[in-house]
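What follows is one structure encoded as structure tokens, with my remarks underneath.
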Amino acid sequence: MTWTNPLRDPRDRRLPRIAGPSALVIFGVTGDLARRKLMPAVYDLANRGLLPPGFALVGFARRSWSHEDFSEIVRDAVKQNSRTGFRQEVWDRLAEGIRFVQGEFGDDTAFDRLAETLRDLDETRGTDGNHAFYLSVPPDAFPTVCEQLKRSGLADGAGPENPEGGWRRVVIEKPFGHDLESAKQLNAVVNEVFPEQSVFRIDHYLGKETVQNILALRFANQLFEPMWNSHYVDHVQITMAEDIGLGGRAGYYDGIGAARDVIQNHLLQLMALVAMEEPTSFRPSELQSEKIKVLSAASLVEPLDETTARGQYGPGWQGSEKVVGLLQEDGFSHTSTTETYAAITVEIASRRWAGVPFYLRTGKRLGRRVTEIALVFKRAPHLPFDDTMTEELGHNALVIRVQPDEGVTLRFGSKVPGASMEVRDVNMDFSYGEAFTVASPEAYERLILDVLLGEPSLFPVNEEVELSWRILDPALEHWAANGHPEEYESGTWGPSSADAMLERTGRTWRRP
Ligand code: BG6
């Protein structure tokens, strides 16, 4: 049952949507994600007035904390990491609904205590039997937690219509498997307990404002769509570069690598949004079906030793700081072959995109932190200038700057002022910071709110996840059979094989 505020016209999508009475249970509450993103996002929602009085936050973990200890932990996390300022009165109201349940995932009595705590909150706090279970835990814990939720009756009525009243939803964090086969198994385990309509898979890139703006840019304007195809676009570059290293993340990252960590999810989702056809409406099923069509039509360009690249960062400089290579980072094996840089070439078999390569790349310890999508256009078919006049003219490009300097750049040639005709590239910029006075919410604020509202548009369904693995698996197998990744110096733009990959086709990577 979806809660609607009787004072608001539900058809007006500009009005803030406020969650109905509900409890959010977080498993893995002692983890980094919970502390840095989830708890602060819950507070930010409360501070923006988007959570109802009947809201509760329940932590579940092994530590022997009291409700008060946990509340203190949440408050520290909020003070350190929330986006909006700390307000005592908001905190006090939120804190009244904070509970902690101590236990192991395999412990029946702990889940029975959780059920008891939720029953109590339903009555005393008014959470009305609406429960979201956030699994911020490693995927090998999913089966046990799902099984326990089923055994303890906490997942009862997880279907779309629950005659008992109240809804049950499960939120899962990536990695959704490590290849197609394991993803299918994981989806089966989760779907055994929670039907697909109650599963919310987090891909936090879809919660970013700039990513949602891809749809507005494409489908609310007349200007760009006529050029959005193989007649005009030469190729597309999707870059997610990070300057941070992997110190402290060996447990998660070693053996996983850059492609599984972000290409399988974030970058292929960005590609789907850029390449999809116009949906007939913004209903979740329409959006999902357009993304599914693109992912079904996408595959890696071969031969993979020429069209993919991978690397591992060695020692180097990050700004003025001397940094170690991956193999010297704490917790990584000295012989680790985990890649920290990956690039692939994808083709999409459709009339719109035939012959247009999509280059996807990501890496740690690169020159700077930047995520962008660049549509690089073909050159004008004819240039009525002497060659020397256009020596400095590059390809036109439309760049969606996802972060950190959020906005859109249009790059085109312009006459250099003076007596001669010389054409050079210039940029025309739209910047969120200048155009809007409101700051963008954090991705997790948007996504947690959408879970509580039961709004699934921004969550990939199991078919998207499986199709993304189908695209990536051949590269993973190819790399696994080909020894150690090439080392690149920290602070640079990655391995030389990545440059060679584009040079073969006469193209170069952008240096954002
Ligand atoms: C996560 C990856 O999904 O995204 C991390 O696991 C990465 O390795 C992070 O650092 C980057 O997120 P953002 O929002 O800072 O670009």
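Glycine residues also receive a Cβ, built from the backbone N, Cα and C atoms like all the rest.
Copied from TrEMBL, the annotated features are:
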- 25-213: domain 'Glucose-6-phosphate dehydrogenase NAD-binding' (DOMAIN)
- ARG62, GLU104, PHE105, LYS174: NADP(+) binding site (BINDING)
- HIS204, LYS208, GLU242, ASP261, LYS364: substrate binding site (BINDING)
- 215-510: domain 'Glucose-6-phosphate dehydrogenase C-terminal' (DOMAIN)
- HIS266: active site, proton acceptor (ACT_SITE)
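Annotated features, which come from TrEMBL, shown on the structure.
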residue : record                 : Cβ contacts under 8 Å, 6 or more apart
ARG62   : NADP(+) binding site   : THR30, GLN102, GLY103, GLU104
PHE105  : NADP(+) binding site   : PHE27, VAL137, ALA141, THR144, VAL145, GLN148
LYS174  : NADP(+) binding site   : ARG201, ILE202, ASP203, ASN265
HIS204  : substrate binding site : LYS37, HIS266, ALA443, TYR444, LEU447
LYS208  : substrate binding site : VAL402, GLN403, SER440, ALA443
GLU242  : substrate binding site : THR362, GLY363, LYS364, ARG365, LEU366, ARG369
ASP261  : substrate binding site : PRO175, TYR253, THR362
(Q) Using a 10 Å radius around its CB, how many other CB atoms surround GLU104 (NADP(+) binding site)? (A) 14
Q.
So if I draw a 10 Å sphere around the Cβ of LYS364 (substrate binding site), how many other Cβ atoms end up inside it?
A. 24
Q) From ARG62, GLU104, LYS208, ASP261, LYS364, which binding-site residues have a C-beta atom under 6 Å away from some atom of ligand 1? A) ASP261
Q | the residue listed as 'active site, proton acceptor' CB neighbourhood, other CB atoms within 10 A | A | 23
**Q.** Residues HIS204, LYS208, GLU242, ASP261, LYS364 [recorded substrate binders]: greatest CA to CA distance in Å
**A.** 20
(Q) Over the span of the domain 'Glucose-6-phosphate dehydrogenase NAD-binding' (25-213), how high is the average pLDDT in this prediction? (A) 94
